[in-house]
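**Student:** Structure provided below as structure tokens; questions to follow.
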Amino acid sequence: MGCPRPCNMSVISRISRALCAIGAVLMAATGAMLTYEVIARYFFIKPTIWAAELSQLCLIWGCFLALPHLLVLRRHITVNAVTNLLPERAQKVCAAFALVAIIVFSSIVAFYGWHIFYDSFSRGRTTGSLLNLPVWIAELSVPVGFGMLALQGLVELIRLPGAGTTSLGATHE
Amino acid sequence: QEKMRISLQLPLTSHLGENLVLFEKEVEERTGGAIDVEIYDSATLYKDKEVPAAVGSGAIEAGVASLTRYVGDAPVVDVFYMPFLFNTEEKVRAAVAEGSPVRTVLEEEIAKTGGQVLYWQAYGGAILLSQGGPIRTPEDMKGKKARVFGKTLGDFVTAAGGAPTLISGSEQYLAYQRGTVDVGMTGVSGVKSRKLWEVMDTITKTNHANIEFVVVVNSDWWAGLSPELQGHIKAAAQVAQDDVRDRMSGIEAAAYKAAEENGMTIVELSDAELSAWQEVAQPVYDAYLEATGEAGQKILDALGAGGS
Amino acid sequence: MTILLILGSLFGLLLVGVPVAFALGGMGLGMLLLGGFSPLMAPQSLLSTLDGFILLAVPLFLLMSNLLLKGGVGRDLFSAVQAWVGHWPGGLAVATILSCALFAAISGSSVATAATIGTVAIPEMINRGYEKRFVYGLLAAGGTLGILIPPSIPMIVYGFVTEQSVIALFLAGIGPGAVLVTLFVLFAMLHARLWGGYTPVPKASMRERATASKRALPSVALAALVILGLYSGAFTPTEAAAIGFAAALLITVFWLRTMTWAKFWEAVRESAITTAAILLIVAGAKIFGKAIALYRIPQDISAFLAQTIDGPIMFILVVSVVLLLMGLVFEALSMILIMTPVLLPAAMGLGFDPIWFGIYMVIMVECALITPPVGLNLYVIQSVARATLADVARGVWPFLMLMLFTVGILYLVPDLALYIPFKW
Ligand code: NA
Ligand code: NA
């Protein structure tokens, strides 16, 4: 409403939402894999070679995929003790500043994260662990997650003037 | 003045730390302070496993990494983990000597990561720990859970009929105390620094693998130095490398002594037991050759081993 | 001077409302760029943080407790404990503390513990005429047990950043946790004797006790399984968390029959969101930690502390005051992440055990959770009870004293923490 390209923006938010759901599934999957691992090792003395590494990969991807949607939900942990005392206009200025900080940080991280990914990809680096997967599989999560986070940050910044909330999150565990 | 920052996983009080301090002193003296060495110990900047990427990408000028950390870039490095290939000090010294075929091949491979090996730091041999009796033969390993710290060592345990379990250094003590694993594996100096005698009573002196650390510098940073500075740094590296290699047997002897004084039994393998281990180890060599191809074959040939 | 500038900018960013993770990560990245260090360190740190196997325990413990929560275990636990001790003097208060302790053995978070037990216990206690402020304080403080009794997310994070054994930390939390529970129970009974004014609960019949216990039993058994599994070395913390998740699913689906697809998905989603928020802060703190290490700040502060502070008693007194002050405005995880790298080297130099110091940090962080103006547990109780922050804060101070008293005991008897992991 009142925003210039509502359609494109809701596309980005919808992608973020879907990525978060995928992230949640990945994290729950770690539970299944590691339970299987304990049973295999404890009862059959036959530990898997994949459970530990795949679940680690799921955690990495799961976390970074969830980040953009956390911004939509305003669930990034934030100290509101001071900003809560300000008038609403000033609160929005603070929130805009915080969003710019997030966008700048995420863009830089995504940019250099891409370099790291590309370097490992072109060198064909592997983890050298029991499963010996290519390293880039994990590293790709940084440019994807933080690239999306920067985009989502931009969407939130454009929407901020009309938004009901001002803070980007709460002091929560 | 040029800064040379070096990342180290271990504390300055470890023998690798002391050795880096010696290197720092040598470099700063030789270059008249033109190179300012800064050591970031205790993994304040990077953990061991992050060092190859950090140095290769130029995020830091130099770092100390366990050689096996390069196995993802260059599988050949795990030749030092080929079971019982390096079970005497002479064999190790021959393999790591400047210009030896093994060292040349490994350093060529590591160079492809954007890092250049400056010098090698000896860490000693890997041993097995147990409670209530030694692990003399593969028979003793059968059906037991054993701590490992890498793929190749895992292959070795599997080949011997055990179940390899990855346990980090910091969880080692409790994993032994609580029986999460039955068999421990570490360098003998780790027994001393972590007081593992409180939880394990026997060391089997297998020396089934040889643990080496390398001090690696970023290739671009290195190429940007004047030949004169490079010469000074190389000379300093030589001094430090020889020093730690010469002291290593003394360090290990002291660790064994401390272990014995704290009530551990130290068991050496007889020739018959050794060959029983070597018999089951063939799959590890096969896996190595499969991963490394021609380069691996060349190294094993140079050492007169493997391939049967 | 640099130190003050850096800390000032960090606090500035935090206070204008930049989320904690981005304030820490952004400060770190800015310092790297200004100092001519490679910005590649930022993405490298983010990746290497999440590559820690121990941190997998975070989503799994969250899944375990969220499933049990959605399955209504909070109410079951409280009813069962109440059936056994409700008729004691101050019985409901005692039941509340014991329920908090039991739920703490399932959950790694203090907020979850305070919210879960608070939702059930507060209306019950108020109806029976317990003094409001006492009730609020009791629950805010009782909730903090969530991070002292294992499992504990702050302990996982402390173990991760200091490379200490998380099992040892978990086991070390049991002793001080038991002391704190005992002190809280004694205080609750004393309060009932001295102030009274509530309607006692009639003694439950054996049949009522059996019915209530039957519903609570599987959750208690699960908590015992997790702790005994860790103690016996059967599982690593991460595996214990995975088993806990699987068992929680079985319990809520087959035993309690309270699980639905909608609740299950809600628990999974909620755990993922909390995990991402927590681990991003850990990762941001890692970037900041590297940056300050490159500027040699922890070393400078450690050296300064070593020079100016005389002996371990002075050290603990000074550090406790600093942590209490910091705890007024900071939340738990940020405190542990910012202060541990600075304090631990100095503490170890003075001969403190790193595991002991971790437990000490956790209790100090618990204090931060209940001191105004920023105290998560205060907020939780405020919203659950629809009370004013002032009322909650006033109810909390006797419990704060008991917690600081426990720190004193812990200092005098380090084995309170260290006996179970290392000597038993
Ligand atoms: Na807990
Ligand atoms: Na507080």
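Placement of Cβ uses the backbone N, Cα and C atoms for every residue, glycine included.
Heads up, TrEMBL stuff is auto-annotated, nobody curated it.
Per TrEMBL, the feature domain 'TRAP C4-dicarboxylate transport system permease DctM subunit' maps to C:7-414. Summarising the annotation, TrEMBL assigns transmembrane segment to C:6-34, C:46-69, C:89-122, C:134-161, C:167-195, C:216-234, C:240-260, C:272-293, C:313-343, C:355-376, C:396-420.
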**Student:** Going along the chain, which residues at least six beyond the ends of the transmembrane segment (C:89-122) come within the CB cut-off of under 8 Å?
**Tutor:** 58, 61-62, 64-65, 68-69, 73-75, 77-78, 81-82, 128, 130, 134-136, 138-140, 142-153, 156, 177, 181, 184-185, 188-189, 191-193, 198, 200-201, 216, 219-220, 222-224, 226-227, 244, 332, 366, 369, 376-377, 380-381, 384-385
**Student:** Please tell me whether the transmembrane segment (C:134-161) and the transmembrane segment (C:6-34) touch - that is, whether there are at least 3 C-beta pairs under 8 Å between them, with each pair 6 or more apart in sequence.
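**Tutor:** No; fewer than 3 Cβ pairs under 8 Å.
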**Student:** Same chain only, please: residues at least 6 beyond the ends of the transmembrane segment (C:272-293) with a C-beta under 8 Å from a C-beta of the stretch. Say none if there are none.
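**Tutor:** Non-local partners: 6, 10, 20-29, 31-32, 35, 37, 41-42, 45-46, 48-50, 55, 58-59, 62, 153, 157, 160-161, 333-334, 337-338, 341.
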**Student:** Cβ under 8 Å, sequence separation of at least 6 from the ends of the transmembrane segment (C:240-260): give me the contacting residues as numbers and ranges.
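**Tutor:** That would be 56-57, 60-61, 63-65, 67-68, 70-73, 76, 106, 151, 215, 218-219, 222, 225-226, 229-230.
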**Student:** Take the transmembrane segment (C:167-195) and find every residue of the same chain, 6 or more past its ends, with a Cβ under 8 Å from one of its Cβ atoms.
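**Tutor:** Result: 88-90, 93-94, 96-98, 101, 104, 131, 134, 138, 141-142, 145, 148-152, 155, 158-159, 227, 230-231, 236-237, 355-356, 358-359, 362-363, 398-399, 402-403, 405-406, 409-410, 415-422.
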